Amino acid sequence: MHFQLVLMMQAIWTGVCHAAMQHYPAAWGHYDVCKSQVYSDEGLTWDYMACQPEAADMTQFLKVTLDPPNITCGDPPETYCALENPYMCNNECDASTEELAHPPELMFDIEGRNPTTFWQSTSWKKYPKALLVNITLSWNKTIELTDDIVLTFESGRPEQMVLEKSLDYGRSWQPYQFYATDCLDAFTMEPKTVQDLTQHTLLDIICTEDYSRGYVWKYDKTVRFEIKDRFALFAGPRLHNMASLYGQLDTTKNLRDFFTITDLRVRLLRPATGATMVDENNLSRYFYAISDIKVQGRCKCNLHANSCVYDKEKLSCECEHNTTGPDCGRCKRNYQGRAWSAGSYLPIPKGTANVCIPNNIGPVKCNCNPVGSVSDRCNGTGYCICKEGTTGPKCQECLPGYLWDNGCKSRVCDNELLRCQNGGVCENNIRCNCPSAYTGLLCEKPRCESELGGCKGPDSGQAPLRPPPLCSLLTLLLLASALLTEASCWSAVL
């Protein structure tokens, strides 16, 4: 019975430990706390950690721009035919009628409506001139992508498309990915998929044919830019090893910049045609229509904030760690005692806050321990000035070899190595309590040595050294002579 109970307890403990291990990444992976109060020798104090906002649907904060501006259908009203059936021409677009209008805002409204809402372009009525559309999404804020970018088309996926990013608010653009039914023909690039990438080629720009082929447009509507598959190259297929990913993001600036944007641009170059040849007699079959764009991410706050606010049509971080700016990208005034630095994901799980510290401009009170520090003011680096043997951010701890006794004092004795001598007793490792006749750090000196007359004086506490009396000497000589005589007699007998 006892053995069964032990096995049951062992199984329960193993299950609890296993569950804790499984949930561990979720506990630290978010970096959602910037600081917490902890107890120290001087009471409550702040412990600072790297932090970042939670991921969110970033499409609710963007501004959308179309180029050319008059590319949206409905002005003038127009009738469209179905791509898969050129004789089904009952779809009307009219910008002046709400039920028939398809403005760009419908790419970001609530999904699940019936009928589906979507933005729609004009038809390819100017064929063979290319039907080109640029859809620009701007946040006026740096964003860190956390999940796949997904576009849902209602008109068939385009046969040629480019997804681009900007890191400087639209002043310059770099391609994220090319999409085509034939990558070699469209962009002179070998077709690849994200599965062809490795840790060393993750930043490569590829052209994929996965999201452009296929005429069954009712079932193949989405076009993706795979963020999580790229994360998985470091974090594993199910993103269980986020520590590895965070370590790479922390130490490789190009990798972190790859997933950071201020703007996205969708360049639509050729609509779905469903065939090798364009039906020039029915160009109203060819257009672009997008029902949804998903962009999941978080405000970039350089690991100095755990929340981001949207006010007056602008996103900004609510900065901690004495930082300021839209991205917490600089130190606050009077907190520039050292150069600003972004927070760090390492060491896991709390990271490093890299808090901005006060300037050395006038006395700045740091709440230093008054007993362990020279002053309650900071020095030029923003730290307390500690007395000899004292350490810690507030001078509240002792260095090795010192013990706290209303301040750090040198360690004098202990009960193993530095023993008190001559019957002394070690008290609190800081002094020997000596018998009355001895003194010194370890009771190693007779007290009489420091008294008048030394250890030979009448008041020294020790008996004086005197020569033995004459009679005692004569007694010792007679005893020695008798012993020698007896020894000689025994030798003669033998």
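Backbone N, Cα and C atoms are what each Cβ position is placed from, and that goes for glycine too.
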- Message: Pick from C443, C448: the cysteine that TrEMBL pairs with C434 in a disulfide bond.
- Response: C443
- Using the record from TrEMBL, pick out the residue from C378, C395 that is joined to C386 by a disulfide. C395
- Query: Which has the fewest other Cβ atoms within 10 Å: C395, C434, the disulfide-bonded residues listed?
  - Reply: C434
- Name, in the order they occur in the sequence, the residues of the same chain whose CB lies under 8 A from the CB of C443 (disulfide bond) and which sit 6 or more residues away. C420, Q421, N422, G423, G424, C432, C434, P435
- Message: Looking at the domain 'Laminin EGF-like' (366-410) alone, can you tell me the average pLDDT?
- Response: 72
- Other C-beta atoms within 10 angstroms of the C-beta of C386 (disulfide bond) total 23
